[in-house]
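Undergrad: Sequence annotations record features per position, and here Swiss-Prot assigns disulfide bond to Cys81-Cys158 based on sequence analysis. Under the heading N6-(retinylidene)lysine, Swiss-Prot lists Lys267. The feature topological domain 'Extracellular' is assigned by Swiss-Prot to 1-7, 68-81, 145-173, 246-257, with a curator's inference given as support. The feature topological domain 'Cytoplasmic' is assigned by Swiss-Prot to 33-44, 105-123, 196-223, 280-289, with a curator's inference given as support. Taken from Swiss-Prot, the feature transmembrane segment covers 8-32, 45-67, 82-104, 124-144, 174-195, 224-245, 258-279.
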Amino acid sequence: YLVNPAAYAALGAYMFLLILIGFPVNFLTLYVTLEHKKLRTPLNYILLNLAVADLFMVLGGFTTTMYTSMHGYFVLGRLGCNLEGFFATLGGEIALWSLVVLAIERWIVVCKPISNFRFTEDHAIMGLAFSWVMALSCSVPPLVGWSRYIPEAMQCSCGVDYYTRAEGFNTESFVLYMFTVHFLIPLSVIFFCYGRLLCAVKEAAAAQQESETTQRSEKEVSRMVVLMVIGFLVCWLPYASTAWWIFCNQGSEFGPVFMTIPAFFAKSSAIYNPMIYICMNKQFRHCMI
């Protein structure tokens, strides 16, 4: 054991909790949407994509981590490490880019930067395809030699190699690519789109002399936007910041728990996503009930 056995028990219990909550909520999202035709709208396609991404994380990542935490190290070998790292990264990246597409969709629909634009099923499918292409552009390279997946933190799960500058894997360039393309750019797009969305709502409210209905609508949208941005930051900022610090300070001493705690926040997105993006959607909520 790298750390106290109690830490592995806590890790296993936390993974079990994520599976216990994450699987039913995301599966229910898929089921309810398929059962209720009125939910199958282009704008809801990306919410379904979020649920699929979260299920990838639950089934491909959390179950493996829970199993290996019982042994105190990653017992599934190189192939198992590659598979677990791939599916966990794929699910996380699909979710991340789904949030970007969702932000762009809402900006276009609400702010109307393109006059006479009507959001259709084809646009929704293009958004889904984009999120998958971007996710694969991050999760596949470590399988083919650009960086690699290695056991990380408490050695119970696998992730991209931020820790070493292993010869022949070009880990430095991949970390720079990931941090720029798969964190800073998505963060900038989300802040821009939701910032413009808030401004549009406030302008509309001012134009209507701040009626009670408009004020209530503005508050609902504002609350949703604030939660979206906070959810994104809570999930990804600790993990990205810690990974960047480790990359920039290779050779420094840090314990196994140092990277495990930020990973907890990133993995928790499988619960945050449906809570924020679906449970606060009145249509979904009414159909679930």
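Glycine too: its Cβ is placed from the backbone N, Cα and C atoms.
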Undergrad: Give me the stretch from 45-67, 82-104, 174-195, 224-245, 258-279 with the greatest number of Cβ pairs under 8 Å to the transmembrane segment (8-32).
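TA: Stretch with the highest Cβ contact count: 45-67.
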Undergrad: Among all chains shown, work out which of the disulfide-bonded residues Cys81, Cys158 has the most CB atoms within 10 A of its CB.
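TA: Buried the deepest by this measure is Cys158.
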Undergrad: Do at least three CB pairs under 8 A connect the transmembrane segment (82-104) and the transmembrane segment (174-195), leaving out pairs fewer than 6 apart in sequence?
TA: yes
Undergrad: Roughly how many Å lie between the Cα atoms of Cys81 (disulfide bond) and the residue listed as 'N6-(retinylidene)lysine', rounded to a whole value?
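TA: Cys81 (disulfide bond) to the residue listed as 'N6-(retinylidene)lysine', Cα-Cα distance: 17 Å.
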Undergrad: Provide, as an integer number of angstrom, the distance between the C-alpha atoms of the residue listed as 'N6-(retinylidene)lysine' and Cys158 (disulfide bond).
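TA: Distance between the two Cα atoms comes out at 13 Å.
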Undergrad: At a C-beta cut-off of under 8 Å, are there same-chain residues at least 6 beyond the topological domain 'Cytoplasmic' (280-289) that contact it? List them, or none.
TA: 28-29, 32-33, 35-36, 38-39, 44, 47, 224, 227
Undergrad: Sequence-remote contacts (6 or more beyond its ends) of the transmembrane segment (45-67), Cβ cut-off under 8 Å?
TA: 11-12, 15-16, 18-19, 22-23, 26-27, 29-30, 33, 75-76, 80, 83-84, 86-88, 90-95, 98-99, 101-102, 105, 121, 124-125, 127-128, 131, 135, 156-157, 267, 269-270, 273-274, 277-278, 281, 284
Undergrad: Mind tallying the topological domain 'Extracellular' (145-173) by DSSP state, helix then strand then coil?
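TA: Result for the topological domain 'Extracellular' (145-173), in helix, strand, coil order: 3 helix, 8 strand, 18 coil.
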Undergrad: If you draw a 10 Å sphere around the Cβ of Lys267 (N6-(retinylidene)lysine), how many other Cβ atoms fall inside it, taking every protein chain shown into account?
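TA: Counting Cβ neighbours of Lys267 (N6-(retinylidene)lysine) within 10 Å gives 24.
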Undergrad: Average the per-residue pLDDT over the topological domain 'Cytoplasmic' (33-44) and send me the rounded value.
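TA: Mean pLDDT across the topological domain 'Cytoplasmic' (33-44) comes out at 82.
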